[in-house]
Structures are given as structure tokens and as C-alpha cells.
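Trainee: So that we are looking at the same thing, I have put the structure below in C-alpha cells.
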């Protein structure tokens, strides 16, 4: 009785058993329907400390990769040379390796990195001398032993040079002291402006519009304290303690203090104006988000909702605050003209007097220029922190 030969296609799909597996690798009396396992193409390369395996499978799903008894076991479903199937293989390494491989799956392939237990160069990958049919060198990453030693030497030299450069940079002995000072400064300012905001809000709900007219008498002491302390922001920027540019800090701090101390503090007639409420209220709301943001930045913490508020709330509040300051100036000009306060009379034949009200009119123009400069600066900051990330062109 003649035995029928297998067709050529069936012979092409039949592959040798896994590495290290004997005749019983299929599980003894397996079902006649179960065919031989499919193996993907695997490319390998090495360095003194690592092994690199590149498995030619695309759209990999459910990869199972383990190392037990120095044998790597691989099983995954993906699209390989035999179509979309389950592929598996085993590799018994020549020398001991770490039992925790690192796997990275991409759309076209699967990369496995295995750490050697000892840093040396292997003459081959597998314990068996004959190379398995599915295994081939990865010429994209292949290096000879001398080239690998040179690469390793270059990395070590780069690491040593980097350590030397870092050691040359003098360490700031006052680093922690500066950080503590900035944290305390921002915390105190936050508490001060929080007190102003809460006090004004409670009074607004209780007294309604009547709270507009005595805002200065109830809030001015705390506002004097906070705005005087704010002069340190100019000093901090001037000595390089913070990276904020100097010009925007000067515009904001001295602009507010001019309104507070010169316009409001020197004219009792202005202290009972309703515009004082809006000036103080807009100032305090802006600082409720600015100082906590800077305080957390000092300790390396970024809270995304706070970052968004810091670089978003100024968009309506900053122009409104500038408008309230402009109204305050406009209302004070007639009072300064009538009283002649701060006007400068020059001793000359024409008896010319420089009216302070005229200087206020010039300052009113400068106010809007300052608002534009700070608005532009804050817009750049917002774009830097919240703007969309640039996409790479294909």
C-alpha cells in the first residue's frame, strides 16, 4: 500500500519544532486538526550590555513575551509572512540574561530589548550552534565588536565630560533661601489680596451699591500694604531672582501705586467715588490666580486648571482694570485743576505754572500705552503656556 505524498503547499507551511523542544512539544497525542506553529522573521543585533530583537509582525495584538530559564518565549497575533495568524517562537540565549525584557510595539514591527547579565560580546545569539531558520542579523543596527566598543567608549566619554561640565558650574549656596523667600512673598500677597476680595464681596452682598462709596476707607490699609510690598517684584526682576522681564513689572507696579498713593491717597474727594470699588476689585481678582501660580511654580508644581485661569482671566480683567484706572484719572483731573495740588510754579517773567492736571492728561495717554505693552506680553505668555503644540510637517 503506497503512502500519499503531502501537497507542496502543506510542505511549505510545515516548520521545525521550537528551539529546545522534543517530540512531545506538541503536547503528546494532539488533535489531528492542529497544524504546526507559525514563526515570524526575527532580526537581532547586540551591544555589550543589550540584545535587540526585531520581530517582523505588523498590527500586533495580545503579545505574550516572557523569559524563563534563560529562554525567551514569544507568542502574539499579527500580520506576518503567513498572513494574519498567531505566531510564536523560542530562543535559548547563549549566556545568562535578565528575565525582564522590554517590548515596544509599532504599527509595522515589534521590538524587544533584553539586558545581558554580564557586559561582554557574544559570538552568537543562541545556545545551539546552528542558527534557526527564522533568525537573521539586523543589519540596520549591526556593529562589529570593535565598533561597539568604540560606541561604548564614546558614550562613557560623553557622560564623563557632562559630569565635568556640571561640576564646573558653581552651585548657588542661597538657592533654598531664595526659593523660600519667593514662596513666602507670593503666599503673603495671595493672602492679602484674598482678604481684600472676600471683604469687598461680602460687603457688596450685604450693603449693595452703598459699599461702593466707602471702599477706600475699609480696604485702603490692606491695599497700601500689598502694593507697597509689590515693589519687591521690580527688585526681584532687577537682580535676576525671577525671570520676569523688568519693563512689564515696572509698568504694573508703579502704575498701580501712582493711582493708589497719588490720585486716591492725596484727594479725599476721590476716596468716596464708586470707581474706587472697581479699581480695587479688578486688581484683587487678577492677583487671586497670579500669586498662587507663582508660588506653586517655585516648588515645581503645575496645576493645569490654575495655569489656565492665570493666563485666561486677565483677558477681560486687565482691560477692565485699565478702564477703571482711566476713569479714576479723568474724575481727578478737574479736582487737581481746581485745587492746584502738586502743580509746579516756575520763577520766570511769564509766571508759567505747570499744572499737575496737564501731567495727568499726558499720563492718561501713557496708561493706555502701558496697557498695550503688558497686554502684548501676557498674550505671548498665554500662547507659550496654553497655545497649541506645533505639528510636525510630513
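Heads up, residue numbers simply count up from 1 along the chain you see.
Cβ atoms here come from the backbone N, Cα and C positions, even for glycine.
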Trainee: Would you please say which range out of 332-355, 356-379 has the annotation transmembrane segment in TrEMBL?
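Mentor: Range annotated as transmembrane segment by TrEMBL: 356-379.
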Trainee: State the residue range annotated as transmembrane segment by TrEMBL; the candidates are 230-248, 249-267.
Mentor: 249-267
Trainee: According to TrEMBL, which of these ranges is transmembrane segment: 159-180, 181-202?
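Mentor: From TrEMBL, the annotated transmembrane segment range turns out to be 181-202.
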Trainee: Can you tell me which recorded stretch out of 181-202, 249-267, 356-379 has the most Cβ pairs within less than 8 Å of the transmembrane segment (273-293)?
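Mentor: Answer, by Cβ pair count: 181-202.
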Trainee: According to DSSP, how is the domain 'CS' (37-126) divided among helix, strand and coil residues?
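Mentor: Each residue of the domain 'CS' (37-126) counted once, the result is 0 helix, 57 strand, 33 coil.
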